[in-house]
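Q: Just lifted these from TrEMBL, have a look:
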type	residues	note
DOMAIN	41-288	domain 'G-protein coupled receptors family 1 profile'
TRANSMEM	23-47	transmembrane segment
TRANSMEM	59-78	transmembrane segment
TRANSMEM	98-120	transmembrane segment
TRANSMEM	141-164	transmembrane segment
TRANSMEM	206-226	transmembrane segment
TRANSMEM	238-259	transmembrane segment
TRANSMEM	271-290	transmembrane segment
Amino acid sequence: EASMENTNITEFVLHGLTQDSTVAKVCFLLFLLFYTTIIFGNLLIIVTIRTCEQLNSPMYFFLSYLSFVDISYSTVSAPKLIHDLLVEEKTISFVGCMAQLFGTHFFGCSEIFLLMAMAYDRCIAICKPLHYTSIMSRRTCRSLVAASGLGGFVHSLVQTLLVLQLPFCGPNNRIDHYFCEVHPLLALACADTYTISVGVGVCSGVVSLACFLVLAVSYTVILVSLRTHSPKGRLKALYTCTSHITVVVLFFGPCIFVYMRRSTTFPADKVVSVFYTIVTPMLNPFIYALRNQEVKKRMKTLCSRAVKRS
């Protein structure tokens, strides 16, 4: 039986990122700039890829969906964080908290699986170039994107249901974080959370670590296979893979740190969470677009057309 019937708390109070008003104002401007960059940077990538016929390969197909997931992922927590930096009472309803928890894990896990799909695409492109077109068909690409979304949905549903099993009786309803995260929520439950915390560790930490290891093996295979390519082809493939590896390290490092442990919270958790909820989605357009000559070229063409029309 779900414990919502035993839950007396109707809202939570978020501790926030900082209690220093001066630091909060600086963070407000900084994160507002970051979030604006996330929206416009990723939207520019999506529009560029969708409107340019030359960018119709599977790599760009996955990149457009990665940009969409990044926008969605950061939107779950960033606007609330930015708003709360200027107010004293940082409240969120119980339902809103569970929705934020679900959204964070849905888009976060979807991104993990999408990064794996992108690694698979690069692996096929480099290791089996002659069969690439037949293997990575449009149907296969759509299936991989759909599987990423389904995997994210199942993961976040399990994660949210695990938390909903716990009663929150109060009077303490202060979440030591800037958004509704699993570990701080487990600390507020008026019940033994050992079993739930193990489930969270398996559901999030082990999945993150396993996917990271799979990605590490995939890129190792790719780098080894590059020895048979020409120097020019090797350099081009290495350039692309370096972008992917950078994103994987930036995203998975903080995730593994936060989730590969029991329901304990560290002071560094909030800072680490900023990396995978805001910093990485902001850097992705720069890592992928500004290092990719073809995307940069098409972006310039798109922007010049927009300026002429205006």
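Positions of Cβ are set from backbone N, Cα and C atoms, glycine also.
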Q: Determine which residues of the chain contact the transmembrane segment (206-226) at the Cβ level, with the cut-off under 8 Å and only residues 6 or more beyond its ends counted.
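A: Same-chain contacts beyond the flanks: 109, 112-113, 115-116, 119-120, 122-123, 126-127, 155, 234, 237-238, 241, 244-245, 248, 252, 255-256, 259-260.
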Q: Counting a contact as 3 or more Cβ pairs under 8 Å, with residues at least 6 apart in sequence, do the transmembrane segment (271-290) and the transmembrane segment (141-164) touch?
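A: These two stretches do not touch.
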Q: Can you work out which residues elsewhere in the same chain, 6+ from the ends of the transmembrane segment (238-259), have a Cβ less than 8 Å from its Cβ atoms?
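A: Cβ under 8 Å, 6 or more out: 59, 108, 111-112, 115, 118-119, 122, 126, 181-183, 200-201, 204-205, 208-209, 211-212, 215, 219, 222-223, 226, 269, 272-273, 275-276, 279-280, 283-284, 287-288, 291-292.
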Q: Do at least three CB pairs under 8 A connect the transmembrane segment (59-78) and the transmembrane segment (141-164), leaving out pairs fewer than 6 apart in sequence?
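A: Per Cβ check, the transmembrane segment (141-164) touches the transmembrane segment (59-78).
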Q: Determine which residues of the chain contact the transmembrane segment (23-47) at the Cβ level, with the cut-off under 8 Å and only residues 6 or more beyond its ends counted.
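A: Cβ under 8 Å, 6 or more out: 16-17, 63-64, 67-68, 70-71, 74, 78-79, 81-82, 85-86, 278-279, 281-282, 284-286, 288-289, 295, 299, 302.
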